[in-house]
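Here's what Swiss-Prot has on this protein:
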BINDING   CYS14, CYS17, HIS18, MET80  heme c binding site
MOD_RES   GLY1  N-acetylglycine
Amino acid sequence: GDVAKGKKTFVQKCAQCHTVENGGKHKVGPNLWGLFGRKTGQAEGYSYTDANKSKGIVWNNDTLMEYLENPKKYIPGTKMIFAGIKKKGERQDLVAYLKSATS
């Protein structure tokens with residue numbers, strides 16, 4: 001994926017609810033620092049739904065690609081109000097950006 005394009009997508013579609021930097025604060029959604037390799041529902045100090053806490057998968061390229069296509073299908077009961085990104089290329093760019101920005 002293209003990190004620069006992914007950053008644009010993040011700013012347009014994600015940044016109103018999420019921060020990415022180390023020590024960034026939780027907004028409507030959790031701060032995403034340390035996302036890769038972490039289990040669902042584990043950002044410290046954020047109040048998750050039981051659905052997110054009990055999903056039990058680890059965030060990586062594949063799980064994020066699937067989740068970001070249709071969040072409510074992947075984690076029924078999530079409170080993330082986001083329809084998803086249908087275009088595979090756009091998701092690949094976003095995941096590339098998240099990988100670089102959150103670690």
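Using N, Cα and C of the backbone, Cβ positions are placed for all residues, glycine too.
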Just the number: how many Å between the Cα atoms of HIS18 (heme c binding site) and GLY1 (N-acetylglycine)? 20
Using CB atoms and a 10 A radius, I'd like the single residue among the binding-site residues CYS14, CYS17, MET80 with the highest neighbour count. CYS14
Consider each pair of residues in CYS14, CYS17, HIS18, MET80, all listed by the record as binding heme c, and report the largest Cα separation in Å as a whole number. 11
Cα-Cα, MET80 (heme c binding site) versus the residue listed as 'N-acetylglycine', nearest Å, comes out at 24
Cβ within 8 Å of the heme c site's Cβ centroid: which residues qualify beyond CYS14, CYS17, HIS18, MET80? LYS13, ALA15, GLN16, LYS27, VAL28, GLY29, PHE82
How many Å separate the Cα atoms of GLY1 (N-acetylglycine) and CYS14 (heme c binding site)? 17
Across all chains shown, how many C-beta atoms besides its own are within 10 angstroms of the C-beta of HIS18 (heme c binding site)? 20
